[in-house]
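Single-structure report; data block below.
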């Protein structure tokens, strides 16, 4: 239920974040009517636009509980809360699947054990409408008296006793008012691969040297002269002393939070013009399509932004002995950034305007489609750091794409034998210029054994060295996946719920 939060309220469990994992955990833990569960979500409630699959990416991130809509290589239980359907498919999908068969590949259901091959895309849709994890796992259960959901709640800090190193509550802001709530049993962090590590670090759990570094960075912003340093009461010195003290984060536990970051990188430049229009921009605004979607749950408005099909393939660069993919090929029937004239997609993918004008604008109003190769198992590894102690400052992200010493990542994406017109050097330049993230970041709060220098949580998702604190989201995934990250996030939520129930002796 959604109701007013009271000062110093106490709960058995406090869950931070209602994404793919957090929504599932809130549902499963509140199945025990004796447990009082609080779910804190920074975003607002979903609205009508978030139910329309092609429109949902254009909704501001702070106005919807976000998770990917595409299904992944994961076994989805039939008869569960979450609905999975096939979205819109044009005749390009039929051509794509036919081409796969001609290449000797199988036509498969990639949400099955036999996932190597070509397939139509599957999506979290219900009667053609986007069916988010929150819609599936939270909305039908809002009448549970022991489940409280607070939206527009920006968590500022996890409260940890520095002596006992025990998490005992959370500090958050709602409508500019600070609230403090206590957890009798656990705080569960499910804020995602960016915000979970950020929140751990501002709460004093992170790399010791980096937390010290923040104060040093502030010193460097405004060097103090020797004369000023003698004048202790100088107002400028007092200001900077206050600022430095404000920036200081007391260390609770020295852990490699944020020091590991893997991501899936893709390439926007494989666009092919065709001799007839298959999917036009006007289709998205056609009233007939709106009626088909509204009354039948069919038509173009069920489309995942033009993504219609995919293939899991193994290239010659793969070092896997088993038949396991290293590339996912994604068919986009709408082409690329030119479909919306670069108004939304260009900004979302951080493509510079002058680059768009040179390479994508000439394709506007021309029939075309795109193939997006996605690197599934990159060797390149990035990291994440704090920008400041302020949770409202986004963290600093360093993807380090295509940085592995052996250039394995670039070689996997380069398929020069398919092209006679240019060289590897050309494709390397193209990949570095038009390589984009598909936002499948993982591993920033890596799960692993205690002797692993990169591990943050153990195999029961408990933060090393801190009691009553777990991380349960895709940030804990230790290795790259042949999958998008939404369904694995749900799986983590289910497994975390089982672990927590087991640890607290609930077998209902």
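Easy rule for this one: first residue shown is 1, then count along the chain.
Even glycines carry a Cβ here, placed using N, Cα and C.
Computed from a predicted structure; not experimentally measured.
As annotated by TrEMBL, FAD binding site applies to 155. Sequence-distant neighbours of residue 155 (FAD binding site) (same chain, six or more apart, CB under 8 Å from its CB) are 16, 40, 42, 170, 171, 172, 191, 199, 391, listed in sequence order.
Per TrEMBL, domain 'Glucose-methanol-choline oxidoreductase N-terminal' is recorded for 192-206. Residue counts for the domain 'Glucose-methanol-choline oxidoreductase N-terminal' (192-206) under DSSP, helix first, then strand, then coil, are 11 helix, 2 strand, 2 coil.
Annotation for residue 440 (active site, proton donor): spatial neighbours 263, 264, 481, 484, 485, criterion Cβ-Cβ under 8 Å with sequence separation of six or more. Residues or ranges marked as active site, proton donor by TrEMBL: 440.
Here TrEMBL flags 484 as active site, proton acceptor. A simple way to gauge crowding: the CB of residue 484 (active site, proton acceptor) has 22 other CB atoms within 10 angstroms, across all the protein chains here.
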